[in-house]
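The following features are taken from TrEMBL:
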| type | residues | note |
| --- | --- | --- |
| BINDING | 74-87, 279-291 | NAD(+) binding site |
| BINDING | Arg94, Arg104, Arg133, Asp221 | substrate binding site |
| BINDING | Asp221, Asp245, Asp249 | Mg(2+) binding site |
| DOMAIN | 2-350 | domain 'Isopropylmalate dehydrogenase-like' |
| SITE | Tyr140 | site 'Important for catalysis' |
| SITE | Lys189 | site 'Important for catalysis' |
Amino acid sequence: MKIAVIRGDGIGKEIVGEALKVLNAVSKKYKVNFNLNEVLLGGIAIDKTGGPIPQETIDVCKASDAVLLGAVGGPKWDNIPSNLRPEIGLLGIRKALGVFANLRPAILFPQLKEASNLKPEVLGNGLDIMIVRELIGGAYFGEKKRIDIPGGQKAWDTLSYSTPEIDRIARKAFEIAGKRGKKLTLVDKANVLESSRLWRETVTEIAKEYKDIDLQYMYVDNASMQLIRDPKQFDVIVTENTFGDILSDEASMLTGSLGMLPSASVGDGKVGIYEPIHGSAPDIAGQDKANPIATIMSAAMMLRYSFNMNEAADDIENAVSKVLDKGYRTPDIMREGKQLVGTVKMGDLIAESI
Ligand code: IPM
Ligand code: MG
């Protein structure tokens, strides 16, 4: 099992280190060998090679079975030309591997109920939402331009989608919904955007093949409100790239912290990318403060989706749960009466519980 490892920038280095610790524990327990290859992406790649996505990184990732990724970006690279920014590396590797479906599960650990900003009665006995975000289309990848005009400049980003692009992500979402609560909500802005209207038509057509799935439609502004008002109404949400980016950050807070949400990015190819949904948090980098759980849970998703190691994935999820049960908390989820630990200690505790 070949894993390309991308630590990236900021807290990326630290949190990936903890996920590797946990994978090492899995490797010992199940007597399997993970063949790790570290490659550069983002700001660190700019510093060391002159660009955010070296060819070697693409080659190594393509030749691997999965990619484990931390986070990229930071203020240090904020003033370089936009086509060389660290984020271009992240978008580039997603595109190069063709991972069009980004699965972002927002699950509330019962132990973290008090870390959520929502009232206990809204959370009930837990939350389990799966956001399926389209990852390699839309405004992120459409034509971008800036021109001079009288009075200043004009800039645009093009949000476009084709039927095949919508078709493949919609099928993925229907299939996922079929294995869960059989409810799918398409989030769009079809009252305003033409691209959203194409999403609606296409998804409605595909729904005829998935008669057991209850398909609902919701405008994105309403969806962002409903997520706070009554998150339990959602099972699977499917949406375009930008809306998915925004709604998944929102959903993460329902579960207590941005530091808790993992993700899996998959496509038709064999290589998946596994990364936390949060960014590189430069403000707390190098201080042993970051929560490594989102990355550790991303490693669990890797075992489940790329290596079919369901039992080991369960082990990781149970280990996280056990450590939370014992009251250990990183600063982002810390509450009175709990035991504050740093990034490294949290990783150690989880690895020991495997
Ligand atoms: C995410 C991040 C990235 C994105 C950034 C860092 C480019 O916010 O994975 O959600 O917008 O996709
Ligand atoms: Mg984001």
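Cβ atoms here come from the backbone N, Cα and C positions, even for glycine.
TrEMBL entries are annotated by machine, without manual review.
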Check: same-chain CB within 8 A of Mg(2+) site center, minus Asp221, Asp245, Asp249: Val220, Ser224, Thr242, Phe243, Gly244, Ile246, Leu247, Ser248, Glu250
Contacting recorded positions for ligand 2, chosen from Asp78, Pro86, Lys189, Asp245, Ala281 when the Cβ sits under 6 angstroms of any of its atoms: Asp245
Distance [Cα-Cα, Å, rounded] between Gly74 (NAD(+) binding site) and Asp245 (Mg(2+) binding site): 18
CB contacts for Asp245 (Mg(2+) binding site) [other CB atoms within 10 A, all chains]: 19
Residues satisfying Cβ distance under 8 Å from Arg133 (substrate binding site), sequence separation of at least 6: Ala101, Asn102, Leu103, Arg104, Thr239, Glu240, Asn241, Phe243, Gly244, Asp245, Ser248
Arg94 (substrate binding site) versus Tyr140 (site 'Important for catalysis') - Cα distance in angstrom: 11
Three-state secondary structure, which DSSP defines for Arg133 (substrate binding site): strand
Ala285 (NAD(+) binding site) versus recorded positions Arg94, Lys189, Asp221 - nearest by Cα: Arg94
Cβ neighbours within the same chain of Ala281 (NAD(+) binding site) - under 8 Å, at least six residues apart: Gly10, Ile11, Ala71, Ala290
Asp221 (substrate binding site) - helix vs strand vs coil (DSSP): helix
Lowest local Cβ density among Gly74, Pro86, which the record lists as binding-site residues, within 10 Å: Gly74
Other C-beta atoms that fall within 10 angstroms of the C-beta of Ala285 (NAD(+) binding site): 17
Sequence-ordered recorded positions from Asp78, Ser82, Arg104, Arg133, Lys189, Asp245 with Cβ under 6 Å of an atom of ligand 1: Asp245
